[in-house]
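Here's the structure we're looking at; comments come further down.
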Amino acid sequence: MDPPAEKPGEAGGLQITPQLLKSRTGEFSLESILLLKLRGLGLADLGCLGECLGLEWLDLSGNALTHLGPLASLRQLAVLNVSNNRLTGLEPLATCENLQSLNAAGNLLATPGQLQCLAGLPCLEYLRLRDPLARLSNPLCANPSYWAAVRELLPGLKVIDGERVIGRGSEFYQLCRDLDSSLRPSSSPGPRATEAQPWVEPGYWESWPSRSSSILEEACRQFQDTLQECWDLDRQASDSLAQAEQVLSSAGPTSSFVF
């Protein structure tokens, strides 16, 4: 499946702003954002996203992005999903030195050479260029030998398109690929096999943020709630003191005492 065609009036698209980021995360500072999900918002411009220097997990899938320029400053980014956009290159990711997982299925990447910018990323182990379940792909995936080209270009990858290529289980996936190749339609006449349908909904196998990131996010939210309660108590105490002072001042000095 190719990326969605541009709709009338969508050329400008939406731009990421500080207000948008703060409203979706509840954070006071952009540098404090660790996890960000901006899926399917019609975004065409990443705007100030490059200021989120602490960002570790980012989902930009299902938008209208044509470039990733601001992501070049995100050195802590570990998981990135830019599937189903209009990207023709990934060059800004060359400086994302902590990137471990990249989903770029459903874009306009035409040749394996456009992945050369990823060759210097020491932590990159998971790469997806094609997602049969979501019916997303890239033009380069039309070449049956693209797998071999990607493996040669990025030898550190452990998983390509959801299939393990290094380590335990890689032999099983290789066997499946060999069987798949042998079952591809030939030029000989005969009934055409029924196309396999997805077993699960798109996004079922999507990776989610690590437990540590989720715990940290929850802790931050609890801290914000506690801080808000402190502000409320301080305001109530100030109101009580003001009322007490008003009562004392209106009573005046006491002239006599009764025992």
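Using the three backbone atoms N, Cα and C, a Cβ is placed for every residue, glycine included.
As given in Swiss-Prot:
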REPEAT    32-53  repeat 'LRR 1'
REPEAT    54-75  repeat 'LRR 2'
REPEAT    76-97  repeat 'LRR 3'
REPEAT    98-119  repeat 'LRR 4'
DOMAIN    138-178  domain 'LRRCT'
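The DSSP breakdown of the repeat 'LRR 4' (98-119) into helical (H, G, I), extended (E, B) and coil residues amounts to 7 helix, 3 strand, 12 coil. On the 0 to 100 pLDDT scale, the repeat 'LRR 3' (76-97) averages 97 in this prediction. Here the repeat 'LRR 3' (76-97) has, by DSSP, the following mix of helix, strand and coil residues: 5 helix, 3 strand, 14 coil. Mapped onto DSSP classes, the repeat 'LRR 1' (32-53) shows 6 helix, 6 strand, 10 coil.
Helix first, then strand, then coil: DSSP counts for the repeat 'LRR 2' (54-75) stand at 5 helix, 3 strand, 14 coil.
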